[in-house]
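Peer 1: Please read through the structure below; I'll follow up with questions.
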DNA sequence: ATAGGGTTAG
């Protein structure tokens with residue numbers, strides 16, 4: 001039953017010998033004779049400092065104590081110089097300098113943070129060689145690293161093995177790590193059952209554990225269960241704190257349950273738990289997403305009155321809210337006011353504004369801001385380029401877009417999959433099918449992380465350019481290579497068939513997607529109905545109209561317009577749609 | 001253990 005991953009293999013072979021020795025083998029004769037080494041380590045400000053201090057240290061006689069080395073490593077890790085940690089560690093090994101468990105765990109963690117769990121596992125033999133026992137921290141670090149690579153199954157298998165074979169007793173931190181890893185990857189059910197397991201066992205859930213589960217439930221929109229759990233933890237004598245309440249408030253904001261948000265605000269304040277900048281930002285974000293940006297600004301003023309300072313997230317959220325409803329002048333105010341408050345706009349602030357301008361087709365203003373970025377000492381990133389590329393294609397400035405892309409290749413960040421999708425979409429939009437396909441063929445070979453969205457751009461582009469067969473061939477290839485089709489991909493293919501009047505094929509795809517557990521949404525139905533309307537197939541249109549209204553979907557603007565056009569040309573069609581007739585009488 | 005924000009496809 002248990003799948004042995006390549007990560008498990010080294011681990012399993014160590015287990016046989018690991019508990020035979022638990023004596024730490026570092027020499028106590030290597031003491032730190034020179035005072036001030038600790039302060040030297042504390043004064044390390046950059047990678048250079050760290051490396052040169054390390055080289056000083058290894059030349060000292062006697063050698064500094066192993067703890068000094070581990071402190072230096074810790075400092076380097078905090079500065080995120082993971083690969084440097086690894087190479088200095090290798091140097092220590094080569095020089096035969098004693099190490100301890102902290103250093104090894106540090107190396108493991110560095111590998112994990114570099115997304116190299118395979119290398120992290122290769123550190124385990126060094127524990128054995130030096131007779132350093134594994135502990136719960138080592139394994140927790142490894143589990144976190146496995147999760148970071150999204151290998152949920154492997155992480156869970158390791159955890160289960162540790163428990164089942166009694167290799168180490170999981171503590172609250174290990175449970176929290178596993179549960180956090182699971183919940184952040186959509187496995188709320190499993191997270192909840194681990195909580196229930198903990199309640200039965202000897203390591204009881206603490207406030208962190210409850211908060212992880214409550215947050216997961218809130219993110220899923222399961223507010224009722226989350227609130228039940230809140231009451232449960234209160235009964236267990238674990239009072240919720242600001243984090244717990246913030247998660248609940250965030251969930252309620254996202255559901256637009258503003259009355260309950262108010263209730264929880266008063267509940268927490270009554271318990272002397274005060275909302276912080278996180279809590280307020282969640283409320284502000286919820287309001288902005290509902291288009292209530294003015295209310296959001298009022299909340300910001302309220303938080304200032306309460307002595308909670310808005311941060312860059314607050315400002316960016318409100319700016320984005322204004323951009324989304326096209327109020328660029330307001331967004332620009334907000335932008336200026338953050339500068340007044342000595343909060344430097346970051347690349348996100350710029351991207352939000354640039355995107356706002358592009359969506360209003362004001363590409364020149366967007367470009368002006370783009371130029372401002374480097375003047376202000378910031379740097380455009382790949383998203384900045386992607387936003388502008390899309391904006392240029394949107395207004396038909398193809399030559400400009402190409403030039404901009406070339407400029408990016410020579411001086412800017414590396415293009416990513418979105419860049420290429422945007423480029424392909426632009427080419428197809430203006431009928432440059434050959435150019436698009438030659439780029440696609442090149443990319444398909446050399447790109448590792450091609451996703452369904454990228455293929456969808458190509459399928460859509462081929463369909464729109466009358467190349468249905470080619471599109472369908474790629475579409476069929478996708479399931480073959482094991483790429484999971486999503487509702488958009490299916491809808492694109494359905495639309496392709498509808499555009500050619502091939503309704504049997506379109507309906508076939510519709511059946512297939514449902515059979516594969518991918519359910520048609522509002523856009524899917526509108527695409528089909530539009531297809532029938534364009535061919536004046538009214539009775540079939542009516543069938544699907546009934547089906548979609550039965551599922552709670554409705555016509556979008558394009559569909560409505562098509563229907564009006566059909567009716568204008570042939571008013572008698574109305575008699576064929578009794579549903580619309582009765583609506584009209586009302 | 002909690003917050004945000006930008007890009008592509010129907």
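Just so you know, glycine gets a Cβ as well, placed from its N, Cα and C.
Found this in TrEMBL, in case it helps:
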REPEAT    A:135-169  repeat 'PPR'
REPEAT    A:171-205  repeat 'PPR'
REPEAT    A:206-240  repeat 'PPR'
REPEAT    A:241-275  repeat 'PPR'
REPEAT    A:276-310  repeat 'PPR'
REPEAT    A:311-345  repeat 'PPR'
REPEAT    A:346-380  repeat 'PPR'
REPEAT    A:381-415  repeat 'PPR'
REPEAT    A:416-446  repeat 'PPR'
REPEAT    A:451-485  repeat 'PPR'
REPEAT    A:486-520  repeat 'PPR'
REPEAT    A:521-555  repeat 'PPR'
Peer 1: What average pLDDT does the predicted model assign to the repeat 'PPR' (A:241-275)?
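Peer 2: Mean pLDDT for the repeat 'PPR' (A:241-275): 94.
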Peer 1: Near the repeat 'PPR' (A:241-275), which same-chain residues lie under 8 Å Cβ to Cβ, leaving out any that are not at least 6 residues past its ends?
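Peer 2: Residues 207, 210-211, 214-215, 217-219, 221, 223, 226-227, 230, 233, 282-283, 285-287, 289-290, 303, 306, 308 contact the repeat 'PPR' (A:241-275) from elsewhere in the chain.
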Peer 1: So if I exclude everything within five residues of the ends of the repeat 'PPR' (A:346-380), which remaining residues of that chain have a CB under 8 angstroms from its CBs? That is, six or more out.
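Peer 2: Tertiary neighbours of the repeat 'PPR' (A:346-380) are 312, 315-316, 319-320, 322-324, 326, 328, 331-332, 335, 338, 387-388, 390-392, 394-395, 397, 412-413.
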Peer 1: Using a Cβ cut-off of under 8 Å, list the residues of the same chain at least 6 residues beyond the repeat 'PPR' (A:486-520) that approach it.
Peer 2: 452-453, 455-456, 459-460, 462-464, 468, 471-472, 475, 478, 527-528, 530-532, 534-535, 537, 540
Peer 1: Other than its close neighbours in sequence, what residues sit by the repeat 'PPR' (A:276-310), given a CB gap under 8 Å and a spacing of at least six beyond its ends?
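Peer 2: Sequence-distant neighbours of the repeat 'PPR' (A:276-310): 242, 245-246, 249-250, 253-254, 256, 261, 317-318, 320-322, 324-325, 327, 330, 341.
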